[in-house]
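Everything below concerns the one structure shown next.
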Amino acid sequence: MSKENIKKHHFKVTRKERQQLNGHNSFLIWITGLSGSGKSTIANGLEEYLHKIGVRTYVLDGDNIRHGINDNLTFSPEDRSENIRRIGEISKLFIDAGCVVIGTFISPYQKDRQKVKRIVAPSNFVEVFVNTSIEECERRDVKGLYKKARSGEIPNFTGISAPYEAPENADIEIKTETEDIEEAIFKIADFIKEKLKYNE
Ligand SMILES: Nc1ncnc2c1ncn2[C@@H]1O[C@H](COP(=O)(O)OS(=O)(=O)O)[C@@H](OP(=O)(O)O)[C@H]1O
Ligand SMILES: Nc1ncnc2c1ncn2[C@@H]1O[C@H](COP(=O)(O)OP(=O)(O)O)[C@@H](O)[C@H]1O
C-alpha cells in the first residue's frame, strides 16, 4: 500500500528521554530454539532477575501472541514469517517505550530473524540460541505436541515435519542438556551488562 498520504508524527518525548528516565537502555533479546528447548523457562528466569535489579522488561512469547494479535496466523512458512515480522514491529514499539524486550519464538527461518534485526536496528538485537537437540525436546515433550506431530495430528511441526534453521552467529548459545537455567540466565545477564548502561 502506498504511504503517500500517511505522514509520520514526531512527538516531543524521545526514546532517549524515556531511557534516561528508566536509567537504562532498551533493546531486544531474541530467544530462538525448538519447541520445548527451554525458551520460555529461560525468558521467565531472566525477566525475574532483570525486574529485581530495576530493569523495565516485557516478554513477548509465541504461544501468548498467537492467542491474541496473531491469532489469524497458521504455521505455514508464509504465516510464520508474518508472525515474526509483526513481533519485530511490536518489539520496536516496546524498545521505543524504553523496555528491554525478551522475545521467545521458535522463529525457524534465518531470513526472518535477520528481518527482526533490521526492524529494531542491529545494535538493539541480541540473539540467543537455545540449542537443545530434537531428541531431548521430544523426550521432554512438555505439552504433548511431539507425540501429536509424530502421529500426524499436527502437520508442519518444527523439527519433525517442518525445518529449523539454526543460527550460525548467535551472540549467546545455551546448551540446556549440559547447562542449567541459572547458568543460562547468568550468561545472558553478563552479555547485556554493558548494553544496559545508559550513556548521556
Ligand atoms: N506446527 C507447529 N510447529 C511448531 N510449534 C507449534 C506448532 N503448532 C503449535 N505449536 C505451538 O506454537 C508455539 C510456537 O509458536 P511461534 O510463534 O514461536 O512459532 S514460529 O516462530 O512462528 O515458528 C510452540 O510453542 P513453544 O513450545 O513454546 O515453542 C508450540 O506450543
Ligand atoms: N537448562 C534448562 N533450561 C531451560 N529449560 C530446561 C532446562 N533443563 C530442563 N528444562 C526443562 O525443559 C522444558 C522447556 O520448556 P519450555 O521452556 O516451555 O520450552 P519452549 O519455550 O522452548 O517451548 C521445561 O520443562 C524446563 O523445566
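From the backbone N, Cα and C atoms, a Cβ is placed for every residue, glycine too.
Those TrEMBL annotations? Automatic predictions, nothing curated.
Per TrEMBL, these features apply:
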- 26-175: domain 'APS kinase' (DOMAIN)
- Gly33, Leu34, Ser35, Gly36, Ser37, Gly38, Lys39, Ser40: ATP binding site (BINDING)
- Ser107: active site, phosphoserine intermediate (ACT_SITE)
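Positions of the features from TrEMBL, shown on the structure.
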residue: Gly33; record: ATP binding site; Cβ contacts under 8 Å, 6 or more apart: Lys39, Ile106, Phe129, Val130, Asn131, Thr132
residue: Leu34; record: ATP binding site; Cβ contacts under 8 Å, 6 or more apart: Ile106, Val130, Thr132, Ile134, Cys137, Thr158, Gly159, Tyr164
residue: Ser35; record: ATP binding site; Cβ contacts under 8 Å, 6 or more apart: Ile106, Cys137, Lys143, Leu145, Tyr146, Phe157, Thr158, Gly159
residue: Gly36; record: ATP binding site; Cβ contacts under 8 Å, 6 or more apart: Thr132, Cys137, Glu138, Arg140, Asp141, Val142, Lys143, Leu145, Tyr146
residue: Ser37; record: ATP binding site; Cβ contacts under 8 Å, 6 or more apart: Val130, Asn131, Thr132, Cys137, Thr176
residue: Gly38; record: ATP binding site; Cβ contacts under 8 Å, 6 or more apart: Val130, Thr132, Ile174, Thr176, Ile181, Ala184
residue: Ser40; record: ATP binding site; Cβ contacts under 8 Å, 6 or more apart: Asp61, Asp63, Thr104
residue: Ser107; record: active site, phosphoserine intermediate; Cβ contacts under 8 Å, 6 or more apart: Trp30, Thr32, Arg80, Ile84, Arg113, Val116
For the domain 'APS kinase' (26-175), the mean pLDDT of the predicted model:
97
Cβ neighbours of Lys39 (ATP binding site) where a neighbour is any other Cβ within 10 Å:
26
Please go through the binding-site residues Gly33, Ser35, Ser37 one by one and keep those whose C-beta falls under 6 A from any atom of ligand 1; give the result in sequence order.
Ser35
The domain 'APS kinase' (26-175), counted residue by residue under DSSP: helix, strand, coil:
68 helix, 26 strand, 56 coil
Suppose the ATP site is Gly33, Leu34, Ser35, Gly36, Ser37, Gly38, Lys39, Ser40. Which further residues of the same chain have a Cβ inside 8 angstroms of that site's Cβ centroid?
Thr104, Ile106, Val130, Thr132, Cys137
